[in-house]
Amino acid sequence: MIVLADHHDRQFRYLRLSLTDVCNFRCGYCLPKGQQLDPQRPALLTLPEIRHLIEGFVALGIEKVRLTGGEPTLRSDLVDIVRAVAAVPGIRRVALTSNGWNLRDRLADLQAAGLTQLNLSLDSLDAARFQAITGSSRFEAVMAALEQAIALRLPILKVNAVLLKTLNYPQLSDFVEFVRDRPISIRFIELMQTLDNHDYFQQEFLSGSVLTEQWLAQGWQPIKRDRTAGPAQEYCHPNYQGKLGIIAPYSPNFCQNCNRLRVTSRGALRLCLFGTGEFDLRPWLQHPDQRSQLLEQVQQTLSFKTAGHQLAEANSGDTRNLATYGG
């Protein structure tokens, strides 16, 4: 089997596929100016195009697919997409990242279709603070989705919270207590600077090392990562059912173990979340006979992948916001 690899000795077995660039939340760290979409942008990838895309990437060694947005549950054909992705031989894991606003009543169907992992965005466990961060009053709906996911015993269930110095870090102990009796993982993501959130970033950034130092002092132990795992370093504790984690893109050598590629909701391959430029794959997603051309295009494009991003130099590439590419 072919294994995708770049010039920096990194292998890629994990694909993040955005299903839409539209989001119905207005998180200050992502869309501080609201969402401004180009009305002339191409149509979203269709189900047949998605199927051809996944089959091609599996032939290149991809084992895990994460469906992101924007907000992927805004797609009415989401269950069909999950089913199509899960049905491709070679796919070991189908994951979904969602804000949970309209997820509770769809989870059973998604699980039956082949969903094996859910990452739920939840930046606060307090309704008022949640609304202040996200611009949404759907806190109860998100919590209901989380409890439903626990009840359904999804194989992997994680909560993502963007680490914010004044808005949720003071409530860190609430998150830690939340996993005491719940078999979930809560991961804190360092706030990342984009072209749109400069002021917000300056006010709210906090290094993830602040959290890990506390956790290690409290007896939390690091867990070895799977080869298809994302960038989080997770920690376990004998007195807690759940886990804690940190995604720290500003830490040294963050990119040296990169194992994932991104395809936008319009079919463009993006080599780095904070890079520049995209490579259109859509012309090779129209028919199975184009498979060899698709594989060749992906392999050629991978030669342009750089060793790492330049966030530490305040260079966000051409990333205006995270909703466009799914974070």
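Including glycine, each Cβ sits where the backbone N, Cα and C put it.
As annotated by Swiss-Prot, domain 'Radical SAM core' applies to 7-232, with the evidence given as sequence analysis.
Swiss-Prot lists R16, R66, T97, K158, R260, L261, R262 with the feature GTP binding site, giving sequence analysis as the kind of evidence. In three-state terms derived from DSSP, R16 (GTP binding site) belongs to an extended strand segment. Shown in sequence order, V65, R66, T68, R260, L261, R262, V263, G326 are the residues of the chain, 6+ apart in sequence, with a C-beta less than 8 angstroms from the C-beta of R16 (GTP binding site).
Counting only same-chain residues at least 6 apart in sequence, those with a Cβ under 8 Å from the Cβ of C27 ([4Fe-4S] cluster 1 binding site) are D123, I133, T134, G135, V162. The [4Fe-4S] cluster 1 binding site feature in Swiss-Prot is assigned to C23, C27, C30.
When secondary structure is read from DSSP and collapsed to three states, S121 (S-adenosyl-L-methionine binding site) falls in the strand class. Same-chain residues at least 6 positions away in sequence with a Cβ under 8 Å from that of S121 (S-adenosyl-L-methionine binding site) are, in sequence order, T97, S98, N99, G100, V142, V159, N160, A161. Taken from Swiss-Prot, the feature S-adenosyl-L-methionine binding site applies to Y29, G70, S121, M192, supported by sequence analysis.
Under DSSP, C258 ([4Fe-4S] cluster 2 binding site) is assigned to coil, being neither helix nor strand in the three-state scheme. Counting only same-chain residues at least 6 apart in sequence, those with a Cβ under 8 Å from the Cβ of C258 ([4Fe-4S] cluster 2 binding site) are R10, F12, P231, G308. The annotation [4Fe-4S] cluster 2 binding site is assigned in Swiss-Prot to C255, C258, C272.
Considering only the binding-site residues C23, K158, C255, C272, the residues lying within 10 A of G70 (S-adenosyl-L-methionine binding site) on a C-alpha to C-alpha basis are C23. Taking a C-beta cut-off of under 8 angstroms and a sequence separation of 6 or more, M192 (S-adenosyl-L-methionine binding site) has the following same-chain neighbours: Y29, F201, P249, F274, L311, S316, L322.
Neighbours of the [4Fe-4S] cluster 2 site: apart from C255, C258, C272, residues of the same chain with C-beta atoms within 8 angstroms of the site's C-beta centroid are R10, F254, L271, L273, K305, T306, A307, G308, H309. The residues near the [4Fe-4S] cluster 1 site, meaning same-chain residues not in C23, C27, C30 whose C-beta sits within 8 angstroms of the mean position of the site's C-beta atoms, are F25, R26, Y29, L31, N99, T134, N321, L322, A323, in sequence order.
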